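*Asks:* What TrEMBL shows for this protein is this:
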TRANSMEM  44-66  transmembrane segment
TRANSMEM  179-195  transmembrane segment
TRANSMEM  215-231  transmembrane segment
TRANSMEM  243-260  transmembrane segment
TRANSMEM  266-284  transmembrane segment
TRANSMEM  296-318  transmembrane segment
TRANSMEM  384-407  transmembrane segment
TRANSMEM  453-475  transmembrane segment
TRANSMEM  487-506  transmembrane segment
Amino acid sequence: MMSIRQRREIRATEVSEDFPAQEENVKLENKLPSGCTSRRLWKILSLTIGGTIALCIGLLTSVYLATLHENDLWFSNIKEVEREISFRTECGLYYSYYKQMLQAPTLVQGFHGLIYDNKTESMKTINLLQRMNIYQEVFLSILYRVLPIQKYLEPVYFYIYTLFGLQAIYVTALYITSWLLSGTWLSGLLAAFWYVTNRIDTTRVEFTIPLRENWALPFFAIQIAAITYFLRPNLQPLSERLTLLAIFISTFLFSLTWQFNQFMMLMQALVLFTLDSLDMLPAVKATWLYGIQITSLLLVCILQFFNSMILGSLLISFNLSVFVARKLQKILNLKSDEHIFKFLKAKFGLGATRDFDANLYLCEEAFGLLPFNTFGRLSDTLLFYAYVFVLSITVTAAFVVAFHNLSDSTSQQSVGKMEKGTVNLKPETAYNLIHTILFGFLALSTMRMKYLWTSHMCVFASFGLCSPEIWELLLKSVHLYNPKRICIMRYSVPILILLYLCYKFWPGMMDELSELREFYDPDTVELMNWINSNTPRKAVFAGSMQLLAGVKLCTGRTLTNHPHYEDSSLRERTRAVYQIYAKRAPEEVHALLRSFGTDYVILEDSICYERRHHRGCRLRDLLDIANGHMMDGPGENDPDLKPADHPRFCEEIKRNLPPYVAHFTRVFQNKTFHVYKLSRNK
């Protein structure tokens, strides 16, 4: 029997894992010990089967993704330089530190090279362990040195297999979360199937292996699973302590491996605060989770040499404010926290701006709105339809519960009248509901964050279809409630969907696995080989952030700038270096580049003559606007923009005119890249 109860009554009237048991059934079970024994054996058998399937489906997903990566690049057959080039943009930068640690004569020297690095940013010594989240590369390099695997496994394979292994953990964690919510491992199996069949929208690990999110999201999924279990009432003390330990370890590892951890956990803290304020979550458990978040972040702050980005994070400010508010028995007024809204405005670009850095993000598809065709793909697997179905029912239930929890109807008589006509929402269900809603809004506003939402969408939709509570609410609303019907619906619907997924997507997956391609980027390979053979090892290179990450990995040369953009001085550097694509005089560009110690500059035709973005979002347009110059090509310009006094540098330098030749000498050229050596004259 489902009922609405105040939080103080939850422990006394807890529902079972499968569906709310009636008092008569409980009494009957107490009188039949043989039935209890059978039930216990069945539970053990179910746990064994479900656990085995969880491990198998996780491993199969890992192998599937690794095979796609191999088939797409022919990774086992291409040269080492090609393997490294395949780690595009910031992926190559992160992997370069793993390579650097392995090449160091000793671990101590390797650590010293990371703490006192003078090759990532020219003319500066920076602490990479403070600036970036690269402890995972350090840990892997130590493991590779210690384990007796050097003869059997190349360093690059040890690295990528670790990441694909984490995907097995990721899928297993999603499986377990859905199982915990619904009470049956069938929902976990459906969640895993949906994750795989919606691979385009749930992960990008097979082509961006070293990205920080691919390290962090498996630990985030473990944390959500542990929180889901922790929020269950009536846990044994030992189980509660072990679960808290799991939450702490997973939160710590999540925080350590991704620079955006604080923003994700801020949203998680908002979830906890919302539920706590609506009396839908035990206050003591919410306090424990706040404390774990702060402790984990502070430990990461210490390991990152008191990183100022962490110390000034909104998460710490918010959680400390919640603690103070709870002590004063007040409800925190979010509207007074103007700094949160300033963050949201900067993050989501509310309002027009000419700021180069803001526009650089705004013009990238990954930071735009979630494309509408995403929902079409999710609908093809029936995931989106199931998600909306479950979400609508749970949101309705949440509104009812929240309304009654905040009302003054606390008399026993009123509660007794409501027991048969209203609903109850478990704390763990309420947590996952608010979690999926908030992360859904984040994904809708920023496409890059969709992977946080779509994976949880698989969990939430599969839970709802296998949940007795969801089907009970639905059947009662249409006056068709019957315990047998609940049992039929919660098992038949997911089984039918699983059969549909196998029928529709299995042939396509097999074709995908049999399709063989090969990595091919001869121009970049030629560039890297030329740099290795024709430039001093201490030479300093300038160019685009994405390309320079590859230069660092493949050649070990010193850079002027790089893609890890979370530093204000680096952003200023990048703006200065990018003047090579603006309308500036050659002597001005030369002076800017030499101020960073640049010896060589690499110009890319794909940027100079870019057509991928529309007018106003091309890199050269962003530079023109930031410099107050009119943009090229047909179209409108803001009235205050003026014609530039000089032609575009990246175009004009190719004409070998005297003002350019006096400062720059072309030393390498192919179809894509032009390398110029800077003169040292002032």
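Backbone N, Cα and C atoms are what each Cβ position is placed from, and that goes for glycine too.
Note: TrEMBL annotation is automatic and uncurated.
It should be emphasised that the depicted structure is a prediction, and the values quoted were computed from it without experimental measurement.
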*Asks:* Taking contact to mean three or more C-beta pairs under 8 angstroms, with sequence separation of 6 or more, is the transmembrane segment (243-260) in contact with the transmembrane segment (215-231)?
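*Replies:* In this chain the transmembrane segment (243-260) contacts the transmembrane segment (215-231) - 3 or more Cβ pairs sit under 8 Å.
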*Asks:* Could you tell me whether the transmembrane segment (44-66) and the transmembrane segment (453-475) are in contact, taking contact to mean 3+ Cβ pairs under 8 Å with a sequence separation of 6 or more?
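*Replies:* Contact criterion not met.
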*Asks:* Counting only pairs at least 6 apart in sequence, do the transmembrane segment (179-195) and the transmembrane segment (266-284) share 3+ Cβ pairs under 8 Å?
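*Replies:* No, the stretches stay apart by this measure.
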*Asks:* Against which stretches of its own chain does the transmembrane segment (487-506) lie, if we need a Cβ under 8 Å and a gap of at least six residues from its ends?
*Replies:* 182, 184, 186-187, 189-190, 193-194, 197, 380-382, 386, 462, 465-468, 471, 475
